[in-house]
């Protein structure tokens, strides 16, 4: 029977047994005789493991429904012109296109699709929507009457660096995961890293184009749904909210500030930067760090094999009963004699093999005198029947008959009178933890490679593929974290203008990783290949929020550290909350999955986003204020007017500056006493008419130290402003 026929037979056996048990349950015969039946085959583990992905497919629709709702609700405005519902939908669509493109490309290239990859779309959805919120936030801070091209340039100027940092860090964190020897981890990292890159490409192209089209609609003052022009609001039409729109902040020329941004600027930011709040935050961080370190010391290695199957799988029931009734024994390890030239009939060869078996049995992991050996049985069979099995011809001639009688036929591979290979079974005991499994595996392999003379031995068990990870999981996890953190530091140094702030970003990465590792242990998540994937994710996501805040802090024009922190929170506090909520919404449905793999993914992602957001909104802003040098110094004091002039249609600027020489001041030195810029709405007139006023002491003798000169230029080109009739 070949492999495919064997699989067909096993599948038929499983189905027959399943329906038989269902019939017995229906007829209540099992309850009558109190029978509990558990079953398992050699293909059960792999088939049930592959069934995991099918359990989460129905959750995709729920995830996208949540993402669309969060995106749309975050972009809703009372103003029918400033409403950005279509922009939000375009952002979610952009993420979906990125997933389709990346998965299609890699599948076309022949990249294997492992089970953990099924969780990638949930993750990518959160990342893409996060970048969308950053771009919309930057767009809303541009001046509404500027050309769409200028607004897009300003948006990309502000958002491009921020989302580029997060894209690079996220993608590189996943690609660094390719260094691991686990194929499933490599597959997951390749698919997710590539999807992140395509998500970035779609955001700056497709989504940017949608944002520009929406900008043209807003510039024409058209309704968000009907695209018909609406009137601007005035005192008489305040009640007609659905038929008027296009309001903006006359002081800044940008869209009106959302209430939550006001909350960050007027309440949360000032509260966070008070001295007593800073002291509390420091103590809070010490408590967080202490709890994280304690959890790290409680971390355990390994995965319960039943967790590889869905919760409702017959495999889980089998492993539960095995642990309950047969926990004294571990795997029956197969010892394979691979040497085709091994002389089984020679007494010296058999004695040499017995020496090896005694060496195996000397371990506390092996049951004594319980080895299942066809060769020992054949010796007893020969002694009872008077066969001299030391003779090669007698040994080979009677072997087939013996194998068929005693049921050892599968244990010997014999062809044309020659034994190509054979196997024995060694029962293991005292295997209770993942550490025991790792030590047992290492003992068996070391003993097989060193014992005996001229015997080529191999030890094998189907579970060894899972035990193998224990030998390298800690080393690979630490390696990936260290390499990725170093790469994040380099990227931060290149893209964030101050090295000290880059160090703070790197500090945030390390802090979040320690927190996630510690609290995942307290949440009953062990360190295994599945959680290692998520810790790789942690490296990329932990930098997102801190990088946004650090870059905003550095780029702020405020003069004091507290002012920079408040300004950074004002500009990016809401987008960070939006990104955190959207990412958690993308994975929260996995908490309801009937699979340990996907529930673990949710737990760690929830911790990553929670701790990342807390670092970005609480810890990092406070810590940055301790080092005021993180700002960009312009070299001169900004002579910024108390009110910003906005080039809006129908609004003409006038600036008056008074400069007076102070008593005792050296000639030629002056001090700016007052600078005021104010806007007046004047009747529309040709845009090319320009008027300027300047006062100078040489031409205006009535005011010592001042002068006046009026220059006026007028052009006959009467190209009018869009708001002029």
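Residue numbering: from 1, along the chain as shown.
Just so it is clear, glycine is given a Cβ too, placed from its N, Cα and C backbone atoms.
Curation plays no part in TrEMBL annotations; they are all automatic predictions.
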Among ranges 190-213, 214-237, whichever one TrEMBL labels transmembrane segment: 190-213
Residues flagged as transmembrane segment in TrEMBL, choosing from 457-476, 477-496, 637-656: 477-496
55-73, 245-263 - the one TrEMBL records as transmembrane segment: 55-73
Intrachain neighbours beyond the transmembrane segment (120-139), with Cβ under 8 angstroms and 6 or more residues off its ends: 59-60, 63-64, 67, 70-71, 74-75, 84, 87-88, 91-92, 94-96, 98-99, 151, 154-155, 158-159, 162-163, 166-167, 170, 188, 191-192, 195-196, 199-200, 202-203, 207-208, 211, 215, 537, 544, 548, 571-572, 574-575, 578-579, 582-587, 589-590, 605, 609
Proximity verdict for the transmembrane segment (477-496) and the transmembrane segment (190-213), three or more C-beta pairs under 8 Å: no
Two-stretch contact, the transmembrane segment (190-213) and the transmembrane segment (85-108), at least three Cβ pairs under 8 Å: yes
Segment confidence, the domain 'SSD' (56-213), expressed as mean pLDDT: 85
Close approaches to the transmembrane segment (574-593) from elsewhere in its chain (Cβ under 8 angstroms; 6 or more beyond its ends): 55-56, 59, 62-63, 66-67, 70-71, 74, 119, 122-123, 125-127, 129-130, 133-134, 136-137, 258, 260-261, 264, 541, 544-545, 548-549, 599, 601-603, 605-606, 609-610, 612-613, 616-617
Contact call for the transmembrane segment (605-629) and the transmembrane segment (502-523): at least 3 Cβ pairs under 8 Å, seq gap 6+: yes
